[in-house]
Amino acid sequence: MNLKDLPKIELHCHLDGSIRPETIISIAKKDGIEIPTENIDEIREYVMAPISCKSLDEYLDRFTLPNKVMQTKENLKRVAYELLEDASKDNVKYIEIRFAPSLHTQKGLSFGEIIESVLEGMKEGEEKFPIKSNLILSCMRTMSVEEAFKVVEAGKEYLNKGVVAVDLAASEYEDFAHKYKEVIEKAREYGYRVTIHAGETGIGKNVLDAIKILKAERIGHGIYAKDSQEAYEILKNSHVTIEMCPTSNVQTKGVTSYESHPLKEFFKDGIKVILSTDNMTVSNTTLTNEHDLMSKAQNMSIEDYEKMYLNGVNASFASEEIKEELRKYI
Ligand SMILES: O=c1[nH]cnc2c1ncn2[C@H]1C[C@H](O)[C@@H](CO)O1
Ligand SMILES: [Zn+2]
């Protein structure tokens with residue numbers, strides 16, 4: 001099967017982690033930003049996590065450089081536009097991009113300006129390429145609850161204008177859900193949909209908490225869900241969908257190999273799973289590549305692919321009208 005030509009749905013893709021390495025150099029030169037090297041191969045080394053990466057925390061170090069050049073309206077817009085172009089080249093028909101507005105205030109931009117710039121880049125990308133998109137606002141678990149409230153408040157006016165959901169990202173620690181319960185509840189009241197990074201690094205109970213306490217409709221990674229029998233049962237019997245990112249999991253040592261990744265096991269148990277890139281640059285991958293690696297490592301068939309595509313359409317935060325369009329591709 002020619003995976004590249006197949007239509008794709010991408011629901012878990014970080015903007016900063018998907019910046020083109022060439023763009024880091026180009027922006028740094030344009031704006032006089034100091035970067036460690038202007039050699040493209042060396043920049044790649046800086047931003048791409050190696051397979052020998054030891055943990056999620058080491059993986060997350062790779063985001064410092066991308067964020068250094070994503071501090072103006074023009075640059076945020078450019079990175080978003082280029083991501084749509086790159087995804088479209090991979091035959092992605094619909095993408096939900098996520099990013100953390102709090103990481104883009106180093107030069108004084110307001111959250112409103114930050115969100116608007118990214119939305120503008122996405123809009124231009126949609127006009128130019130055959131792809132539709134929406135935006136997810138990530139709150140970092142390293143930040144205070146007050147900061148998370150500010151992000152949710154700032155994004156409110158862009159709901160139904162490109163912003164669709166809220167997420168919690170960054171380092172994962174036990175019991176994080178309680179800390180952010182009120183802010184996620186407030187976001188839901190406003191009309192945000194909810195997806196949460198949980199069960200990425202070994203804490204299955206966090207998946208249960210994300211579903212029960214935060215009412216997550218989707219879980220980012222979720223590979224440790226089986227460690228909580230209750231979470232696993234809920235997943236089997238609900239529409240909560242797991243956004244799986246195999247290469248990222250191999251890099252962060254969530255799994256030891258593509259072969260031992262729980263994708264097929266979850267899939268066979270009737271859990272709604274989809275494949276995603278997480279970070280096209282930091283994980284040096286594409287959605288075609290993720291499907292290719294997993295179809296080889298776990299013998300996934302074209303029928304499995306179609307099922308996952310439809311899981312993606314159903315779990316997306318797109319309008320019913322767009323979902324209908326997306327179903328026609330397969
Ligand atoms: O896989 C991930 N798990 C947790 N946090 C992540 C992952 N990939 C990226 N992030 C963080 C680092 C980025 O700077 C931030 C916003 O995109 O989200
Ligand atoms: Zn992620």
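Each residue, glycine too, has its Cβ placed from N, Cα and C.
TrEMBL: automatically predicted annotations, no manual curation.
Summarising the annotation, TrEMBL assigns active site, proton donor to Glu200. Look at TrEMBL and you will find His14, Asp16 tagged as substrate binding site. Residues or ranges marked as domain 'Adenosine deaminase' by TrEMBL: 7-328. Look at TrEMBL and you will find His221 tagged as site 'Important for catalytic activity'.
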For His221 (site 'Important for catalytic activity'), find which of the recorded positions His14, Asp16, Glu200 come within 10 Å, Cα to Cα.
Glu200
For Asp16 (substrate binding site), list the number of other Cβ atoms lying within 10 Å of its Cβ atom.
26
So which one is it: of the recorded positions His14, Glu200, His221, which has the fewest other Cβ atoms within 10 Å?
Glu200
Pairwise Cα distance for Asp16 (substrate binding site)/the residue listed as 'active site, proton donor' [Å, integer]:
19
Cα-Cα distance linking His14 (substrate binding site) and Glu200 (active site, proton donor), given in Å to the nearest integer:
15
Restricting attention to the domain 'Adenosine deaminase' (7-328), give the mean pLDDT.
98
